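Working notes for the structure below.
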Amino acid sequence: MEKFTRLTSVAAALPQENVDTDQIIPARFLKTIRRTGLGKHLFAGQRYDAEGNENPDFVLNKPAYRKAGILITLDNLGCGSSREHAPWALLDFGIRCVIAPSFADIFYNNCFKNGILPIRLPREQCLALMDDASHGENARLTVDLEKQEIHRPDGEVISFEMDPFRRQVLLEGLDDVAQTLKNHEQAIRAFEARPSRAWVPSTKQAGRPQSVIGGGGEQV
Amino acid sequence: MQNPVTPRTLYDKIWDDHVVKTLEDGTSLLYIDRHLLHEVTSPQAFESLRAAGRPVRRPDATMAVADHNVPTSDRSQPVEDPQSRLQIETLEANVKAFGVPYFPLRSRQQGIVHVVGPEQGVSLPGMTIVCGDSHTSTHGAFGSLAFGIGTSEVEHVLATQTLLQKRSKNMRVRVEGDVAPGVTAKDIMLSIIGRIGTAGGTGHVIEFAGSAIRKLDMAGRMTLCNMSIEAGARAGMVAPDETTFSYVRGRPFAPQGEAFEQAVAYWKTLATDEGAHFDEEVVLDAAEISPSVTWGTSPEDVLPITGTVPRPEDFADPAKAERIRRTLAYMGLEAGQKIAGTPVDVVFIGSCTNSRIEDLRAAAAVLKGRKVAEGVRAMVVPGSGLVRYAAEEEGLDRIFRDAGFEWREAGCSMCLGMNPDKLSAGQRSASTSNRNFEGRQGPDGRTHLCSPTMAAAAAVMGVLCDARDLLEPELAEGAA
C-alpha cells in the first residue's frame with residue numbers, strides 16, 4: 001500500500017449527502033478480478049450519459065477537476081455496499097483524500113486499507129473547503145497527515161482528528177496482514193486452543209443431511 | 001476486560017468472547033468464527049494471498065458460494081457473460097487451491113450467501129461472522145455478531161482468521177406490541193429506518209428487542225437484521241431464544257446431539273443482562289406501523305402506503321429541499337402526490353432481504369387465483385436452490401407461474417443489477433430488496449422497496465397499493 005504523508009491538490013466538491021457506493025461505482029462494473037482500471041467507471045451514473053458520453057456538468061468532467069486528488073461531500077459518504085471497488089475506483093482516478101462531515105463505517109475502513117485518507121470535519125468546514133474547491137486550479141488544498149492539518153489557499157489551517165493507529169498505518173504504508181502475523185500469531189494460537197471454543201463446528205463436513213428449509217417460530 | 005458483575009449487552013458478550021488481544025490504543029484483535037465468501041469480493045483477496053505465499057488459515061471456518069453475478073435463468077447452460085463466468089471460475093479455482101468448502105453453482109444448496117449460511121446451519125448463535133458483503137448483518141438474527149467487510153479485510157481474515165476492530169456503541173431498538181394484520185418484518189424495518197435515518201446507526205450495533213420482535217420467526221428476524229446496514233449500523237442482532245434454537249436444530253452444519261444441547265446452554269447465556277447500558281435507545285409502537293414503501297432513492301425515504309410524497313417547500317433547510325427536488329425528478333414523482341396508485345413496470349421478489357420460503361408463501365397468499373396486471377413483468381428469484389425446491393414441493397411455483405410470474409434460479413439477481421436481470425432507464429419496480437439507490441437495479445431505474453406481500457399486490461394491481469385490500473382476513477392474520 002502506498003504511504004500517505006502530505007498531499008497538495010485540487011479538490012472536487014460533490015455537495016450531496018449519502019453519496020453511496022453504488023454511485024461511486026455501479027455494480028455492473030464489479031465483474032472484475034483485479035483491483036485496477038476502475039477509475040474510468042468512477043461515478044459512472046452521473047459522469048456519463050446512456051451512450052457513454054461525458055456529462056460536461058459533472059464536476060470530475062470539468063477541465064479544472066480532471067486531476068483532482070481530493071473529494072469533498074456532505075454527510076454519510078460511502079453508505080451502502082461493502083465493495084472495496086469504491087476506494088479502488090477513487091484511487092485509480094487519482095483521489096487520495098476524501099473529506100466529509102461523516103462516513104459510513106465499512107467505506108471508512110476500506111479507505112485506510114488502500115492508502116486513501118478519509119477526514120471527518122464539521123459541516124461548516126466542509127462547506128468552506130467546497131467554496132475553496134470552486135476556484136479549481138487556483139485554490140489547491142494541502143493535506144498534511146503528520147501534522148493532522150489542512151492548509152487552505154488563503155493560509156488558514158484546519159486541524160483534524162485521526163486515530164493514532166490508523167494514522168501510523170497510513171504514514172508508513174504498512175501491510176496489515178504481515179503485521180498481524182508478525183505480532184499476534186502466538187495470541188491467535190492461544191485463543192484457538194481455549195476449551196470454551198470446542199463447541200464451534202467445522203464447515204468441512206456436514207453433520208447430517210438437509211431436512212428442513214424455513215421455520216423457527218410459529219408463523220410458518 | 002469487563003468486570004464480570006457489570007451488566008452486559010448481547011453485543012458486549014459476543015465481543016468479549018472473541019477478543020484475542022486488546023492493543024494499547026483500544027483496538028482489539030477479534031477472532032472470526034465464520035467467513036463466508038462469494039465471487040465478487042474475494043478474487044483480489046485470494047490473489048494477494050497467493051502473491052504472499054500464504055495459506056487460508058482456517059478453511060474449516062470458511063464457506064463459499066457464488067451468488068452476486070450468477071445467471072438466474074437456465075442453469076443447464078454455461079454462464080454466457082464472459083466476465084461473470086471468469087469470476088465464478090476464479091472462485092472455483094480458488095476454493096479448490098485453498099481447500100475451502102464450496103456449494104457449486106449447479107448444486108441444490110447454492111443460493112444467496114446470506115440465505116445459504118443460516119439454512120445450512122453454518123451461521124450459528126454466539127459466533128462472529130463476516131463476509132465481503134454489507135448484508136452480512138442478516139446473520140445477526142441468530143444472536144451472532146455479523147458484519148460486512150471489504151476485500152482487504154477478507155484477505156486479512158483468510159490469512160489470520162482475525163480482524164482489527166474498534167468496539168462499536170450499543171443501540172437498542174425496541175418494537176413493542178402487536179403489528180396489524182398485513183404488516184410484516186419488512187414494514188417494521190422500513191419504519192425503523194424511516195425513523196432513525198440511514199446514518200442513525202452509524203458507529204453502533206443495533207439490538208432489536210421488544211415483544212413484536214420476539215414474535216417474529218427467523219425469516220422475519222433475518223429481514224430485520226439484513227437492513228441494519230441501511231440504518232448505517234455496523235451490525236444488527238436479536239438475542240437467541242427458543243425460536244432460534246428450533247430453527248438451528250438439525251441443520252446440516254449445526255452441532256448435533258449432545259453437542260447441540262451444550263451449545264444451546266451457552267447460547268442461552270448471551271441475552272442482554274438486566275440493566276445493561278445502551279448508548280442509544282429507540283422505541284416503536286408496533287400497532288402504529290403500516291405496510292410501507294419507499295418513495296425516493298435512500299432507504300430512509302419511507303412512507304406508509306397511505307402516505308403522500310414530500311414537497312421540497314416543506315423543508316426549511318435548502319440542501320434538504322434540493323435533495324427532495326432532485327429525488328422527485330429522478331423518481332418521476334410529483335411533490336405531494338399519493339404514493340398509492342403509482343404504476344409499476346417490474347415486480348421483483350427476491351434478494352437476501354426477502355427470498356426465503358416464508359417470503360414466497362406470503363407473496364403466494366396474495367397471488368393465489370390472481371393474475372399479474374397487463375404490462376407488468378414479475379419475477380421471483382428464490383434465495384437458494386433449496387428454497388426453490390421446497391416451494392415447488394408446496395406448489396407455490398404453480399401459484400407464481402399461473403399468476404404470470406417468472407420462476408427463476410437462486411441468486412442476487414435484480415437486487416443489484418449485476419447479472420442480466422436489470423431495470424432499463426425509467427422503469428419502475430416494486431422490489432423486496434434492500435436498496436433504492438440511484439441506478440441500483442439498472443441505470444436510471446426507479447426502485448420502490450416493500451415487503452413480499454406488497455410486491456405481490458403491486459404485481460396484481462399494476463400500481464403500488466395497500467396489500468391489505470387484497471388479503472382475505474384469515475390470510476392477513478398469517479402474513480409473515
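Glycine is no exception: its Cβ is also placed from the backbone N, Cα and C atoms.
The annotation in TrEMBL ties B:CYS412, B:CYS415 to [4Fe-4S] cluster, and of the candidates under consideration, B:CYS225, B:CYS352, B:CYS465, the one tied to the same site is B:CYS352.
Region 'Disordered' is the annotation TrEMBL gives to one range among B:57-81, B:232-256, and that range is B:57-81.
Per-site Cβ counts within 10 Å over the binding-site residues B:CYS352, B:CYS412, B:CYS415 peak at B:CYS412.
Those same-chain residues not listed among B:CYS352, B:CYS412, B:CYS415 yet with C-beta within 8 angstroms of the centroid of the [4Fe-4S] cluster site C-beta atoms are B:ASP67, B:HIS68, B:ILE112, B:HIS114, B:HIS135, B:GLY350, B:SER351, B:THR353, B:SER355, B:GLY411, B:SER413, B:LEU416, B:SER433, B:ASN434. Helix, strand and coil content of the compositional bias 'Basic and acidic residues' (B:437-447), in residues and according to DSSP, is 0 helix, 2 strand, 9 coil. For the region 'Disordered' (B:57-81), the DSSP-based tally of helix, strand and coil residues reads 3 helix, 4 strand, 18 coil. Here the compositional bias 'Polar residues' (B:426-436) is broken down by DSSP into helix, strand and coil counts: 0 helix, 4 strand, 7 coil. DSSP assigns B:CYS415 ([4Fe-4S] cluster binding site) to a helix.
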